[in-house]
Amino acid sequence: MFRKEWLTINTPNTPLRRKIWQHKYYYLMIVPSFIGVLLFSYGPLAGLYMAFVEYTPQMGNFWSSLFHSKFVGLRWFEFFFSGQDFIRVMRNTLASSALTLTIGFLVPIFIAILLNECKNLSFKKLVQTSSYLPYFVSWVIASNIIVTLLSSNGAINQLLMDLGITRESILFLQEGKYFWWVIAASNTWKDMGYNAIIYLAAISAINPELFESASVDGAGRLRQIWNILLPAIKPTMVILLILNVGNLLNTGFDQYFLLGNSMTRDFSDVIDTYSFRYGIQNNMYSYATAVGLFKSAVAFILVITVNRIAKKFETSHLF
């Protein structure tokens, strides 16, 4: 005999279990993506163990070779810190990164303000589009463009000589003293459009009545920019600053490897190129992993530090 209570499903009694049971189908939909994250994002983190062993590639399974390698503790880190290249590599990495961050943070703000002041919509859209295109260009193509422009007989040197700024070609890519500036200018040129468009979006969200009221009160355009525009986009500035710092040490291989050469080694050798040289070219995989792990720790510390500074900057009354 059929009974109605047979259709009743026994749900868990605790609130948490009951909530999970009620949304079980949503959790099932998440499972495939969750498995993918575990396999392709967190799975490779097990390779960090390589930094603490003396790994030598052998025939067979990679993981079997890794976990049967001799454990050496912090020996690779000690080797890196005590090496002759440590000071030079860290100097190049931090100095060029700081220069890139400073120029790359200020120039897009300036460009966004200039575009906002432009009344010609056609010219404004043209500049926005042309400045955003380099962001999609790979560093292989971008480096070829930069090398062509900065060569001894390139367009930049020709322009400087035509203007009378210099009498002979400047060896931008052959002399180390120019290399950091080349890297900073290259990174700024490539990412400027992306950052400027974000700033423009923040500026367009400002209430126009604020500027009109300031004009009625007799405030000039520069004072309006300093007292109204910059404070209004301060949260956007903070977010982009944190994002740029987070990506600063993770985007330092392509441009250094492609633009650097033996003549600029003392200025172009950064953590990424140093790790590549030892890991790939010299087959010192464990040592390269230790160097990469150290770079990740430095990047984490920088992000935490800048995050705290940014919070104070956001509540400050600088402008």
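Placed from the backbone N, Cα and C atoms, the Cβ positions cover glycine too.
Please treat TrEMBL annotations as automatic predictions, because they have not gone through curation.
If you check TrEMBL, you get these features:
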TRANSMEM  25-42  transmembrane segment
TRANSMEM  62-81  transmembrane segment
DOMAIN    90-306  domain 'ABC transmembrane type-1'
TRANSMEM  93-115  transmembrane segment
TRANSMEM  135-156  transmembrane segment
TRANSMEM  228-249  transmembrane segment
TRANSMEM  284-306  transmembrane segment
Stretch in 135-156, 228-249, 284-306 most in contact with the transmembrane segment (93-115), if contact is a CB pair under 8 A: 228-249
Leading stretch by Cβ pairs under 8 Å, where the reference is the transmembrane segment (228-249) and the options are 62-81, 135-156, 284-306: 284-306
Positions whose Cβ lies under 8 angstroms from the transmembrane segment (62-81), at least six residues beyond its ends: 46-47, 49-56, 286-287, 289-291, 294
Outside the transmembrane segment (284-306), six or more residues from its ends: residues with CB under 8 Å to it: 47-48, 50-55, 57, 69, 72, 76-77, 79-80, 241-242, 245-246, 248-250, 271-272, 274-276, 278
